[in-house]
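Report on the structure given below.
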2 protein chains.
Amino acid sequence: MENGHAGKHRVAVIGSGNWGSVASRLLASNTAKLPSFHDEVRMWVFEETLPTGEKLSESINQAHENCKYLPGIKLGTNVIADPDLESAVKDADMLVFVTPHQFVEGICKKLVGKLRPGVEAISLIKGMEVKMEGPCMISKLITDTLGINCCVLMGANIANEIAVEKFSEATIGYREDKEAANRWAKLFTTPYFLVAIVEDIEGVELCGTLKNVVAIAAAGLVDGLDMGNNTKAAIMRIGLREMRAFSKLLFPSVRDNTFFESCGVADLITTCLGGRNRRVAEAFARNGGKRSFDELEAEMLHGQKLQGVSTAREVYEVLTYHGWQELFPLLSTVHEICIGQLPPTSIVEYRLAEGQS
Amino acid sequence: MENGHAGKHRVAVIGSGNWGSVASRLLASNTAKLPSFHDEVRMWVFEETLPTGEKLSESINQAHENCKYLPGIKLGTNVIADPDLESAVKDADMLVFVTPHQFVEGICKKLVGKLRPGVEAISLIKGMEVKMEGPCMISKLITDTLGINCCVLMGANIANEIAVEKFSEATIGYREDKEAANRWAKLFTTPYFLVAIVEDIEGVELCGTLKNVVAIAAAGLVDGLDMGNNTKAAIMRIGLREMRAFSKLLFPSVRDNTFFESCGVADLITTCLGGRNRRVAEAFARNGGKRSFDELEAEMLHGQKLQGVSTAREVYEVLTYHGWQELFPLLSTVHEICIGQLPPTSIVEYRLAEGQS
């Protein structure tokens, strides 16, 4: 990879929501210090007009704060918001993707032919679609559309906790290019954010999506039914095992060890300790499944959807298609509960398949 | 193994505390149903006189309830309390050890020459001593003293939750004799208690001890310092990794997969979600380490001790002796915090050793 002006790498962040703002802040604290990076972190902002009449990008550049998605936290004066996508990326040789997953394809199409040669990408986006013909890996979409190398960064990363510099870890998954992975790790690592690299991009990226299905069960249903900590731990464990087995069936290159990394067991734990999945699925279970997820999401999430519910449906379609349901009792049962085919209590009423533990 | 009268196995439980009573209840529900086991489960009771003047063993046999250690739960009429150790075991060919670990040696010595030929044992005891010359595996102590095969059963098993039949899992660790392990699994498995067997007795048994050190950090210190869920998940993950690495250094036969079982990740999760470790270590952290564990234990646990504090000290001695401290930053740091050498906040102030993740 060629470096930018004066041999320094230039970083652009595509996305400025909650996680995008936190990532920009983290990166900017490093680019300001590390000699091999240009200070400035350019952050593409999907422009919005604030209630004050001000533009979001202008507000960020004036206050050095994203008052809409990360209020109260200074981003650093070297984070520059830019509402123009082409302008935001034109000098960058390191691109960080951190938008909702459904926007990536459109963004990539707009970027075709607009990037510098030798640019590298990383995706921080969790929650891909799992289609019948295979999961839509965001890293692959970026690589295929733009012809560039793309790593992923996943982990136990609740954005607001990283914003206030609580100790966290993350995992970078890469394919072959270890040097690129190490450069990303250097760019992201701080004393409160430890980054490990593993050569298993599919395993790392799938963790960030599949954990949402397990969280519906382990955080929401188990808590809503007051089943206690043994049950919660058991469902998390079975879920982690099924995440691993499912990933390995889809990609034989996936490694067991990946599930011991931050992207695996740790992200599952942090997701199951709190968050939207828990609140909505808990309400679902407390109502005995009589109020649908659609209804509860509308009421509790103001129109947002639970990633785990749609991922559970997609995974179920894959399992049904291949006749794998019996191998994945937990993943199957979560979907059957979500659609009202089974009561919430059935989350603990299955047996492990023969030969499994 | 020879069977008992009429070809049926006879089960005796050595211990009648909280977990011993719950285990007896669980086993008795199965022996009453399974044709290959004699109905009766004989439970050795360390005799006490209750405030009413009644003997504990008599009270249990009259009320079919252990009013001291498991009040409000019926054990089943086929659980027979016996205050005489020799009498409790004399007809049994399946012995379940579930006493505090420090009593096992004395009990075993009393049993020498008193057992039926072909008797099998299983230990449910968590919390061995980790001596410089190696950990004092309870299973090995039983095997060596009595000359009998001994499995272990560990897992995410908060006794009071199993007593009310909340869904749980457990792991049986065995050495070579898979048939014996399967017999124990059959005896313990119920629809709400799923048991897996793994041929890794050291790995399984070490999990039940080492998790207590991690719980001091992940449950107590992190919560006491209000560090949030990313940090908690990160410390649990690092702890699990160090448990695995430490076990493998002590016993090269230990398997990675064991840490994905209930005895590994699940027991760690359930231990870190609550319990004594959490309460006391949280108080320790909130006081900035200024009040010692000894003092807090005396105040909060009425003289009981936190297993994790003494295990942390023992593990530290082993690490120091071998020069392994840098390989185990979390296990080392927990001890240094416990003895006041480092402040509680240093639980997140170490780096991962080179090459680790």
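Counting begins at 1 with the first residue displayed.
Using N, Cα and C of the backbone, Cβ positions are placed for all residues, glycine too.
Heads up, TrEMBL stuff is auto-annotated, nobody curated it.
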Legend entry - Matching residue for the NAD(+) site, where TrEMBL names B:Gly15, B:Ser16, B:Gly17, B:Asn18, B:Trp19, B:Gly20, B:Phe103, B:Ala159, B:Arg276, B:Lys305, B:Gln307 - out of B:Phe46, B:Phe188, B:Phe246: B:Phe46
Inset, instruction - Using the structure shown, find which entry in B:Lys126, B:Lys211, B:Lys305 (the recorded positions) has the sparsest Cβ neighbourhood within 10 Å. - result: B:Lys305
Inset, instruction - Compare the C-alpha of B:Phe46 (NAD(+) binding site) with the C-alpha of each of the binding-site residues B:Lys126, B:Arg276, B:Asn277, and give the closest one. - result: B:Lys126
Inset, instruction - Find the longest CA to CA distance in the recorded substrate-binding set B:Lys126, B:Arg276, B:Asn277; express it in Å as a whole number. - result: 15
Inset, instruction - Would you mind reading off the Cα separation of B:Trp19 (NAD(+) binding site) from B:Arg276 (substrate binding site), to the nearest angstrom? - result: 15
Inset, instruction - By CA-CA distance, flag whichever of B:Lys126, B:Lys211, B:Arg276, B:Asn277 among the recorded positions is nearest to B:Gly15 (NAD(+) binding site). - result: B:Lys126
Legend entry - Rounded distance in angstrom between the Cα atoms of B:Lys211 (active site, proton acceptor) and B:Lys126 (substrate binding site): 10
Inset, instruction - Please compare the binding-site residues B:Trp19, B:Phe46 by how many other CB atoms fall within 10 Å of each one's CB, and tell me which has the fewest. - result: B:Phe46
